[in-house]
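Single-structure report; data block below.
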Amino acid sequence: MSTELFSSTREEGSSGSGPSFRSNQRKMLNLLLERDTSFTVCPDVPRTPVGKFLGDSANLSILSGGTPKRCLDLSNLSSGEITATQLTTSADLDETGHLDSSGLQEVHLAGMNHDQHLMKCSPAQLLCSTPNGLDRGHRKRDAMCSSSANKENDNGNLVDSEMKYLGSPITTVPKLDKNPNLGEDQAEEISDELMEFSLKDQEAKVSRSGLYRSPSMPENLNRPRLKQVEKFKDNTIPDKVKKKYFSGQGKLRKGLCLKKTVSLCDITITQMLEEDSNQGHLIGDFSKVCALPTVSGKHQDLKYVNPETVAALLSGKFQGLIEKFYVIDCRYPYEYLGGHIQGALNLYSQEELFNFFLKKPIVPLDTQKRIIIVFHCEFSSERGPRMCRCLREEDRSLNQYPALYYPELYILKGGYRDFFPEYMELCEPQSYCPMHHQDHKTELLRCRSQSKVQEGERQLREQIALLVKDMSP
């Protein structure tokens, strides 16, 4: 029976160009199943012939054979197929006429490899795969086609490489024809998808590289251009209306951005600034606001008034607030005699100043009215401010802080030099004698030496007073 089986398969394999491997395998297995009565088939689940054959291999007696008696004949693998005759000659039968176990294993491996190659090269799987997978499939198919075409030239080398690649000693991959159903439209769609993927990758690379571009390097001129937004034909909104709308919206946004709410911190800061400004307008004992309008001057700790205010004071415009005022001319006697403000007192030394104001302090009869003292010299830069500070310091020492005998002290800004040209009629005599006059050089030296002695005596008295305070318990 076995001889008839293999002779029939040999005749069928030799006739024509030869059927495929799977048809020959099925015929051979069906004949074996008819011969072997001990082979049982499960009718519940349909299986392939190879699966049936291997599933019940434990019950087969034909699998307990020896090794093959002859080597495989692989000379006919260049055609891409193998016939049943070549299979029977390569896998010998034992004495009982059954196939050897090694032959059956080779048949199983050949069937598995053939099924895998058919699944890999199916058109449906190629169409459903990604572009990268499609590209790899094309490369594998081209490689297999080129290898099958060159088998006729180099038989031995290509057989080894083909067997290593396929993992089977029997079967080879047949050359697959191109899918006839794959039309030009599908090919164009695949190429368009590949182009879109490549463009996206290029844009991502350009955007990432732009972050690390050096400022000194020139810009890349080969950057992809941005797509211009095409205007729709159905859009009937005029451009002027659009410009007006967006301009109005931009102004509204700017107004909202510039608006700032007042916080608690801002309120406290403004209150502190107002208090500081108000304190600058308060008198020395911080009880009232200054009666005369003040201006900024050279010394920030002193209050300055302009010539117009002094002229208004002399004309009696502040009688409702002021009971009595004094204009102290701190210049030397020859300057005072050369021209001075009406009613001004010439007190150029500290001793004279203290004796006039502090030996017997002047107190206003009306508590609601005030006593004002205005100091000046030629420019009101040194002598006038110095005498004003001396009187304030001595007044502080005689009273308990913040009480003062004379809380309102002012400096005439610009001195007699600025007052005389504007208000000459308020001067007696109507003339002006500068300090460095050529006719009064000796008097200038005498007055300076006298003032220096007085200044030294004053500093000595202050030091003695400090020592007495330190020694007292």
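Using N, Cα and C of the backbone, Cβ positions are placed for all residues, glycine too.
In Swiss-Prot, the feature phosphoserine is attached to one residue out of S57, S75, S161, S207, namely S57. Considering S64, S78, S90, S247, the record held by Swiss-Prot lists S64, annotated as phosphoserine. The candidates are S129, S146, S263, S431; Swiss-Prot tags S129 with the feature phosphoserine. Cα of S472 (phosphoserine) to Cα of C377 (active site): a distance of 40 Å. Residues within less than 8 Å, Cβ to Cβ, of C377 (active site) and separated from it by at least 6 positions along the same chain comprise D329, C330, R331, R383, G384, G415, Y416.
When the region 'HIV-1 Vpr binding site' (334-379) is classified with DSSP, helix, strand and coil residues number 13 helix, 11 strand, 22 coil.
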